[in-house]
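Step one of this worksheet: look at the structure below.
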Amino acid sequence: MAPSSLFLSVGSLIASSLVSATALEARQSQTYQLAESWQGESFINDWNFFDRADPTNGYVTYVNQSFAEQSGLVKVTQSGSFYMGVDYESTLNPNGPGRESVRIETKNYYTEGLYVIDIEHMPGSICGTWPAFWSVGKDWPNDGEIDIIEGVNLQKANKIVLHTSGSCDVSGSNDMTGTLSSSECGEASGTVGCVVKGTNGSSGDPFNEAGGGVYAMEWTDTFIKIWFFPRSQIPASLSSGNPDTSSFGTPMAHLQGSCDFAERFKAQKFIIDTTFCGDWAGNVFAESTCPMSDPSSPMQSCVNYVAQNPAAFKEAYWEINSIKVYQYGVSAASSAAVSQATASKVEGTLVSVQAANTATPTVPVPAETTAVPQPAQTNTVATSAADYATQSSAETTTVPAATGAPSVSAAEGGDSELESTSTVYVTSTTTICPVAESSSAAAAGGKKDAPFNGVSGAEVAATSVAAAPAAATSEHPGADAIANSAAATSTVAKSEGVASQLTAGALSEIPTAPPEPVSQAVSTGSFDDSDTAQGDSEEHGSIASASAAPSTIPVPASSSAAALGGSSIASSFASSRLVPRPTGSSTAASVTAIATWSPTAGERASGTAKGSATLTAPSEVVFTPGLSNGANRMSVGLSGLIGVMFIAALA
């Protein structure tokens with residue numbers, strides 16, 4: 001090797017050593033800062049209540065927060081501590097649901113740091129119980145599990161257990177007061193995990209008789225240490241809120257070895273629970289001198305005991321003064337800000353769709369929007385029960401001429417099931433309810449993808465009123481039409497002659513051929529939940545979208561009877577549009593209109609059908625939202641019946 005290369009290698013090695021030493025010294029010079037803490041009411045408000053089946057197959061019924069509070073299973077004591085107990089009054093059927101209990105979990109996941117739990121009382125040494133304070137990653141066992149406090153039945157010494165995937169050995173010569181009974185944490189050699197049996201008095205009845213105590217866990221990328229301090233032996237640095245682990249003394253568990261802790265133990269959520277029997281307590285029930293009602297089955301004996309002896313579980317409760325999370329160089333304020341920004345769950349998000357006067361508008365969806373200013377001439381979907389109950393007919397009137405780029409705002413309020421439905425029945429000679437010159441579809445031969453209020457295409461399908469039917473349907477990328485009676489964009493089949501465009505209140509040109517009824521069905525767009533835009537798993541708030549999935553529904557046949565003296569032929573069509581709901585689904589509302597064509601006297605004499613047609617926008621709404629669907633259908637039915645009788649009489 002050349003001298004220069006040798007010098008370079010030695011220099012690199014020295015530099016690397018200096019950097020490592022500097023980093024270690026910097027870390028050692030740091031002190032733990034309080035990042036997060038819980039006490040009293042915050043356990044109820046800031047932790048999740050788990051109310052599903054027990055993953056450990058226990059004879060237990062985990063209850064939700066509301067039930068737990070009402071039944072007194074969780075509460076804040078007069079001293080300000082958090083109480084979490086079990087039902088100790090009900091005698092149960094061993095073949096029925098298990099004993100009611102509580103399991104709570106942190107809402108966020110946590111990594112390396114110092115975790116301190118001050119416990120006044122833990123579930124006592126009782127046959128059939130399995131209490132635990134533990135943590136687990138999102139992907140078990142790959143992300144690891146840390147059982148900080150765990151015991152079953154009559155045990156009086158805590159058991160500390162680590163679980164992870166693959167092979168993770170901690171058989172190093174580590175100084176600890178507990179006893180290492182298994183050094184393999186990985187699932188490659190079974191599900192036992194690496195186990196440290198704590199000292200007597202660290203769990204159950206002796207722990208409670210001594211007035212409780214404090215457990216502290218220091219978790220780094222190279223080791224996990226756990227200390228137990230009886231109430232009378234809590235270090236001064238812990239009591240002062242400035243923990244110094246170097247003064248803690250010998251830990252009860254020191255787990256370190258060839259295992260890569262940074263790789264094997266990822267972010268964890270913390271859990272406090274009390275279950276009964278199950279995979280551990282039930283299977284070792286006979287080993288604890290607990291009563292065996294069924295000598296052939298420790299599990300059944302455990303279930304029988306738990307079901308038939310409610311008073312035995314009065315002391316099976318947790319009373320926790322506090323849990324505190326400390327991290328190097330992280331203050332409580334900055335940690336709270338980071339937690340709020342990265343791990344909090346958004347319960348409701350206001351989403352705005354800004355629309356431009358183009359056929360293909362963009363649909364920005366800002367994350368966690370809390371307020372959206374509304375420009376002039378904006379229709380807004382109400383999101384509260386009160387708003388839906390008090391909608392006025394102003395929301396369903398004909399559309400005024402728009403002068404700017406209007407917007408459609410849709411607010412989603414979590415799991416609300418409220419629904420806004422707008423239905424319009426027009427008895428005048430109206431075919432289409434226009435929006436504006438810049439955003440209306442052509443009445444005859446116009447662009448089928450013209451935007452509705454700037455949002456491309458309300459879901460529309462029209463019955464053909466010409467000899468060559470051409471029903472058109474267009475899709476929209478974001479929000480659908482809101483509950484506005486005249487704000488539906490419709491496309492009518494092209495007729496012979498010059499195409500006509502319907503604007504805000506006038507028809508620019510008149511078709512040169514009469515419409516002829518050729519169909520008795522109308523297609524409507526149906527909403528597909530799969531098309532709804534979704535947020536991520538931790539944030540809600542999305543814009544409901546729908547694609548056209550036409551289905552056919554019958555409509556009355558077009559009347560061929562002459563109206564007003566038999567001089568015209570009337571043909572009807574219905575257009576459907578989807579109205580968004582806060583839940584992300586939509587319902588279809590129909591807009592029915594009559595197109596009337598009147599030939600001249602000369603045309604009638606010659607048999608040549610060349611007359612003129614008139615299309616006018618409706619001037620008012622017959623009925624508005626707020627009526628039940630049944631009332632709406634009744635109004636449509638009566639109006640339609642009167643119209644048919646009138647036409648028949650004239651004929």
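In case you wondered, yes, glycine gets a Cβ from its N, Cα and C as well.
According to Swiss-Prot, the feature signal peptide maps to 1-21, an assignment based on sequence analysis.
Sequence annotations record features per position, and here Swiss-Prot assigns active site, nucleophile to Glu145. Mapped onto three states, the DSSP output places Glu145 (active site, nucleophile) in strand. Remark: Glu145 (active site, nucleophile) has Trp134, Ser135, Val136, Gly137, Val161, Leu162, His163, Thr164, Gly193, Gln268 as non-local neighbours, by Cβ distance under 8 Å and separation of at least 6 in sequence.
Per Swiss-Prot, active site, proton donor is recorded for Glu150. Sequence-distant neighbours of Glu150 (active site, proton donor) (same chain, six or more apart, CB under 8 Å from its CB) are Trp130, Pro131, Ala132, Phe133, Trp134, Asn158, Lys159, Ile160, Val161, listed in sequence order.
Feature annotation from Swiss-Prot assigns compositional bias 'Low complexity' to 364-378 (among others).
Summarising the annotation, Swiss-Prot assigns region 'Disordered' to 364-422 (among others).
What Swiss-Prot records for 379-400 (among others) is compositional bias 'Polar residues'.
What Swiss-Prot records for 508-557 (among others) is region 'Disordered'.
Taken from Swiss-Prot, the feature compositional bias 'Polar residues' covers 520-535 (among others).
The annotation compositional bias 'Low complexity' is assigned in Swiss-Prot to 542-557 (among others).
Here Swiss-Prot flags Asn629 as GPI-anchor amidated asparagine, drawing on sequence analysis.
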